Amino acid sequence: MSTQMSVFLSHEVAAPQWGEKALVSFNEQGALIHTGESTDLTKIQRAARKFDVQGIKSVVLAGDGWDVEAIWAFHQGYRNPKKYSQLEWVALEEKAQAELEARIKATEFTRDIINKPAEEVAPRQLATMAAEFIRSVAPEGTVTARIVKDKDLLAEGWEGIYAVGRGSDRTSAMLQLDFNPTGDENAPVWACLVGKGITFDSGGYSIKASNFMDSMKADMGGSGTITGGLGLAIMRGLNKRVKLILCCAENMISGRALKLGDVITYKNGKTVEIMNTDAEGRLVLADGLIYASEQNPELIIDCATLTGAAKNALGNDYHALLTFDQALAQEALKSAAEEKEGLWPLPLAEFHREMLPSNFADLSNIGGGDYSPGASTAAAFLSYFVQDYQKGWLHFDCSGTYRKSASDKWSAGATGMGVCTLANLLVEQANK
């Protein structure tokens, strides 16, 4: 007897015995997902989650209606970090099949690397894995990569990455990857993508409680997401030169670790007083944004699991978008809508840049005053390291990267959310 479940789409309401609001019913042919008069992709994703929860380990999507978007919705819900399930679908035409496979490949990289234990993804491993993934999807000869590590970071002026990671026995690293499909080594760098790559965040001396620390293997989710986004953009035909910069460190406690009251002097001359060692993501991103600005690109995008404030505002279903460039923000929101991913703007204004006072340095690494808008002040901090921060810079505070427990749409763990939005945005802007 076959253990494979055939799953069909139905616009009809389930028979009464299945319940008034039944999403799934069964007959002699297999299972029916009742999507309503129009095909509701959210219902498909929720139904797929039910199949996984029930332990149905092999599914074939059968019958009519299974286009790219419907299959993609099912895949997202059915996918489990233990990866014991098998999914097959009806034949698609070549272009549609290529698009579906590209999405799956990019998001599988992102979800897998975020879900891995921190013991398996040290800072240098993260940089190496990201470079290997981009090489695997890019045309031959279009990718070069350099990993700056340990004391070489100091020699080249990347003080933030080194300072955050110096408390760990696992050396910090900066990935400088160059994707150049133009064939011209002197082609201008069109965009720079910067990712926060904190492979484990204990909080440092501003230590986290266990119930906040237990998911901190995922604090490199910004790097995982932006790498997946670039990979998907390449598979969709990105034709301009882009640099990927990952700022990788482990935030640990030791006699060498960063201390409260320390001052970091950055390559652009800015000094930063450390008032909270758990606000470390912005310290490593600052180096990446300085390097990005040195390339004089038209577009800078950074991705980071940066603040609890963004998650408190938006929950797990949206990433936060912060920028001074409102026209570019609208383009990003349009890309998210087209890809059916959650993205929501949070405020970022000039006065937020004045909310980082320090008695001993140019800036503090945390906002001051009562009711500090944490996501906004974190983005404001980053703006000091972007040369032209008012134009062409987007900051994604990745609230929806990882779930500690399953929901009705997602398994526990990484979601891959944002990968498709970033790819869409890159390709659309490059083609203008």
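For all residues, glycine too, the Cβ spot is worked out from N, Cα and C.
Quantities reported herein were computed from a predicted structural model and do not represent experimental measurements.
Binding of Mn(2+) 2 is attributed by Swiss-Prot to Lys196, Asp201, Glu280, and the same site annotation extends, among Asp178, Asp219, Asp262, to Asp219. DSSP assigns Glu280 (Mn(2+) 2 binding site) to coil in the three-state reduction, outside any helix or strand. Counting neighbouring Cβ atoms within 10 Å of each of the binding-site residues (Asp201, Asp219, Asp278, Glu280), the lowest count belongs to Asp278.
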